[in-house]
Protein chains: 2
Amino acid sequence: MIKILDSKNKKFNKTLDVLLSKRKNKVQLNSVSVIKIIRDVKKNGDKAILKYEKRFNKNSIIAPSIKQINRAIQSLDPKVKKAIDLAYDRIYKFHSLQKFKNISYTDKLKNKLEYKYVPIESVAIYVPGSTASYPSSVLMNAVPAIVAGVKRLVMVNPGQKGKQNPAVLYAAKKCKIKEIYSIGGPSAIAAVAYGTKKIKKVDKIVGPGNSYVAAAKKEVFGDVGIEGMIAGPSEVTIVCDKFSNPEWIASDLIGQAEHDNLAQCILISKDKSIIKKVNDEINNQLKEIPRAAIAKNSLLNNGIIIHMQSDQKIINTVNKIAPEHLELNTKNYKKVVGKIKNAGSICLGKYAVMAMTDYNVGSNHVLPTNSSARYSSGVSVNEFYKRISYINLSKKGIYTLGPSVITLANYEGLAGHAKSVEKRIRRK
Amino acid sequence: MIKILDSKNKKFNKTLDVLLSKRKNKVQLNSVSVIKIIRDVKKNGDKAILKYEKRFNKNSIIAPSIKQINRAIQSLDPKVKKAIDLAYDRIYKFHSLQKFKNISYTDKLKNKLEYKYVPIESVAIYVPGSTASYPSSVLMNAVPAIVAGVKRLVMVNPGQKGKQNPAVLYAAKKCKIKEIYSIGGPSAIAAVAYGTKKIKKVDKIVGPGNSYVAAAKKEVFGDVGIEGMIAGPSEVTIVCDKFSNPEWIASDLIGQAEHDNLAQCILISKDKSIIKKVNDEINNQLKEIPRAAIAKNSLLNNGIIIHMQSDQKIINTVNKIAPEHLELNTKNYKKVVGKIKNAGSICLGKYAVMAMTDYNVGSNHVLPTNSSARYSSGVSVNEFYKRISYINLSKKGIYTLGPSVITLANYEGLAGHAKSVEKRIRRK
């Protein structure tokens, strides 16, 4: 069912490039209609928001009441609550380790330089919700913000007719999010970016969404912060060998493919027999899941199986693909992993499966897609800090370093810069 | 000459908002013409680049020869070379302190989680150059990249008729940049973002530029990385008291104002007499610099002097302005600085002047403008790393955590995710 390529083939690199860019072009953002919506919300505020809510979500409220929230949470299965609690604890623990140390440095001239991590004041988390509900997305975005010390956390999550998912609300409560809005789409992004009467604007917006939400985030970027990447349809690349369990590998590929018609599943192996076994298994297992149609569609259109001849070729190809998730399901993963430069998150060994990392292992599941792992990273505490430099110069400092600054400033044609230093040196 | 506001005035907050947003609107990006240029370069490559180079820079080459580079460098004043060397050393030292430690953590279930900082493979640095030449910009962008370990560093810097500035070339040589292109504007951004026959594409583009370059960077973002902010016209906010030297403060404001007609200079003080003295000094000192017309224009249009009644009001106002540069030129700066949350870089005390930090103090001068200090930071080593999570689960790990993942995955409607975990637990 899945396209099979062989790297021995002369045209392999070109064929792979064409396949990868074909998908990339499909996930282009729609920005024209999005710009109109953003302008409307900027101009007409809450009125515009309610207009779009009625049109797209059959919803007529902007924010649920505390009563509504609590009633929804009470309806939630305690088993799900416990699972959310466990995930929260483990995500909290691993992200706490990522906290930064401030730097303070005094040089020989007694100039003091500091470099501090200051939490962003206010952040909105966009949690998608119309066709599915993702409590895990709440945790993956909110927990790092809590660890960093963000004071004002806002959740934007569209409901069905205003009713939001109980587990999403429970996760938000767990994260002590007090501002919850039951709105969605580009208008919700505009609301938190520019503010309305009911919604105070924030400093940064994070969280996944469909292509309209992603386009809206790109559009408002500059007026408000967003992640250093555009999160798109999910991806996994799995490298396996003759020791891998084909049943497991097939289920990993299907687990990824069920996300979205545009999900990307790639399997790479040096072993032809495991490739055949996995391929057969996929056909068997597709029958087992409710979202089989999506998974099949995704595998047919964007799935690729690659037979390769060497680890070096595998490394190069993975670095070119720059997958969101990488599973190195091989015996020799230690030999390979150090050379992988481009991947959002890397699962090592036979038990580490993408689905585990999506929930409660502790690492983050908001990861760079569409090759953006070349230059960006998953959400982490880093996303919620600003880094500020503090400079305190001594008299000796400016007398020693100043003349050199005067030279450079004058060279750059900035005499005013030079003067501001000169005046401090030639004191009256 | 500069507008003076008093925070006692009831309309103060509104007036300040209007002034700030008036300037903000002036620095909007021009994107329509930029999109056309980008499409052209994507389609026609080097041919399109040369077309725009001829039109805008009277230039007919894409890259200078090594001979040309060395000849230019030989012509450079040794005093300027020395000043660049000193700045390089100090920037290198302070940025080295910012390096991150990788994290490795094994939990009680013997699951091993790692979190590593991996340098971005290839980065292009845009150095503006048509009306002025900034060797300091080369250092501020390239040195953190070198510290992070970026392998392929590319410099894009437009010249006049192909001839680039000797100091820019010297700084590039100092940073061991081997790929130098003498092109500029949106077409140059497109070239490094998408690649041409002569220019291999990069993973990330950093560095300042005019509004066309900034618009181009925003446009290509997603296909390539950019900084987490759009760098626009420069800004300083200075807080001073009765102990401040009015001559120095005036020179600091002028030093900032000479950058650009859209530069923003704001002075805040509780002391009315220093406000008057600084204002008088500005008029005197404007005569002293060649770029007086620009400085005057900038101060007239975007300069604001604010008389305030309390430190708390000053703190709130600075946090609202979120200036690129902040100078706390007051005796009591220690009481105030901890409450400043939004600023790119903060100078403390009487000797710390913005111009010093622009060159050789060691901190970075590529800083967030236009209020983006609310959510973003100056360039640092952080800009040149990706952060990757590595997950290795034990058998006990997946057996213990797996059931909870199965619960959440099924709740989220992702049965395929649940199955990939189940299969590893219920082993055949």
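Note: Cβ is positioned from N, Cα and C throughout, glycine not excepted.
Predicted automatically and left uncurated, TrEMBL annotations should be read as such.
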**OP:** With A:SER234, A:GLN256, A:HIS259, A:HIS325, A:GLU412, A:HIS417 listed by TrEMBL as binding substrate, identify the candidate in A:ASP89, A:ASP107, A:ASP203, A:ASP358 belonging to that site.
**Re:** A:ASP358
Original post:
What recorded positions from A:SER234, A:HIS325, A:ASP358, A:HIS417 have a chain B Cβ less than 8 Å from their own Cβ?
Top reply: A:ASP358, A:HIS417
Original post:
Which of the binding-site residues A:SER234, A:GLN256, A:HIS259, A:GLU412, A:HIS417 has its Cα closest in space to the Cα of A:GLU324 (active site, proton acceptor)?
Top reply: A:SER234
Subject >> CB within-chain contacts under 8 A for A:HIS259 (substrate binding site), separation at least 6 >> reply: A:PRO233, A:SER234, A:ILE294, A:SER298
Original post:
Which of A:SER234, A:GLN256 has the fewest nearby Cβ atoms, counting only those within 10 Å, among these binding-site residues?
Top reply: A:SER234
**OP:** Just name the winner among A:HIS325, A:HIS417 (the recorded positions) by count of other CB atoms within 10 A of its CB.
**Re:** A:HIS417
**OP:** For A:HIS417 (substrate binding site), just give me the three-state DSSP call.
**Re:** helix
Subject >> A:ASP358 (substrate binding site): tally of other CB atoms within 10 A of its CB >> reply: 31
